[in-house]
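Following: one structure in structure tokens, then a few remarks.
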């Protein structure tokens with residue numbers, strides 16, 4: 001589809017007071033990305049001219065979205081002098097002959113449904129959806145495939161109250177309609193705001209046809225509260241996981257699994273129940289076992305868990321990570337770490353075995369230090385490696401060893417535990433004193 005046919009304006013200037021949050025509404029996350037991210041991503045799929053209107057927490061919104069997109073026009077609304085959705089359009093320069101106006105709080109909108117606005121004919125296209133219970137909504141009265149009027153519930157007749165069509169709040173206009181009617185908008189209403197919907201009534205009064213376009217309520221329903229946010233995340237999770245399963249990922253009890261938008265799977269992968277995979281994690285030909293957490297990490301040809309935790313910047317390949325093992329900012333290749341270990345700020349090479357209870361002590365209260373472990377190293381259970389430490393290839397660390405900062409040369413054995421003492425009949429003597 002030709003991306004030059006339509007411009008898109010996304011309204012993202014509002015405070016979102018119903019969110020009851022100090023954070024701008026459009027910056028609230030859904031599956032790891034701000035809700036505004038999704039509608040921008042979808043918009044860029046059909047247009048080369050995308051503008052985002054900002055006002056409330058402008059700098060935070062611009063900074064956040066600039067991390068993902070470098071070709072978006074940010075327009076700052078003069079919310080003091082020109083508040084409202086109509087006021088938001090006053091500073092926008094439209095490149096193409098048609099413009100689609102979207103809301104920043106609609107993260108679930110699909111490209112396929114936006115295509116309908118490109119195909120619809122007419123200078124003004126107005127989105128509608130049908131509700132089983134439209135109570136509280138203004139009704140859209142349609143006759144002969146044309147919007148005849150929009151009537152608020154309090155002003156509707158008994159017959160009009162039976163209508164289930166309501167305004168979905170998305171519009172497509174020809175450029176000439178915007179150029180003609182935006183300067184004519186007035187704010188003589190109770191809120192003293194400039195409303196984009198007034199263009200509909202002005203155009204209709206001038207005999208211009210208003211074309212209705214039926215859209216999916218679940219996609220176009222705005223996210224206005226924390227409850228809406230939760231509902232949207234459930235729907236988005238289903239979309240993400242269904243797409244992954246269709247591409248070949250096996251999921252056990254997918255309703256218990258959480259996977260964020262930026263996660264990538266390649267090859268044959270299995271994800272068991274209760275797992276959480278976030279950030280820009282990449283899973284390649286691997287098995288993620290039950291209740292494991294993976295954050296911004298790469299897992300290749302490996303198995304992880306159950307109940308393992310890969311924190312950000314972990315990179316494992318051809319490796320076994322067992323239960324209750326935590327990895328942070330470390331690279332492991334061809335390694336076995338079966339249980340109850342913490343590996344942080346470390347590089348561990350192939351053939352190395354990490355025993356139960358092994359800890360890399362990487363932090364002295366001020367600075368972080370690296371641990372480097374070579375090939376074919378055997379580290380016994382309950383050992384502490386106090387970084388900075390370098391362990392060359394083919395080394396053995398005895399169980400219970402505390403290895404203090406330094407270097408261990410190839411072929412060496414490190415033992416720090418003293419020989420155990422056995423005191424005969426001590427138990428009986430000790431408790432006899434009680």
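The backbone N, Cα and C atoms fix where each Cβ goes, glycine too.
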Same acetyl-CoA site per Swiss-Prot - residue from 398, 399 joining 356, 362, 363, 381: 399
Position of peak Cβ density within 10 Å, selected from the recorded positions 25, 311, 339: 25
Chain residues outside the region 'Linker' (227-247) and at least six past its termini with a C-beta under 8 angstroms from it: 19, 28, 30-31, 35, 38, 107-108, 218, 221, 254, 257-261, 263, 265
Residue with minimal Cβ packing [other Cβ atoms within 10 Å] among the binding-site residues 84, 138: 138
11, 381 as binding-site residues, winner by CB count within 10 A: 11
DSSP residue counts for the region 'Linker' (227-247), split into helix, strand and coil: 20 helix, 0 strand, 1 coil
Rounded Cα-Cα span from residue 13 (UDP-N-acetyl-alpha-D-glucosamine binding site) to residue 363 (acetyl-CoA binding site), Å: 43
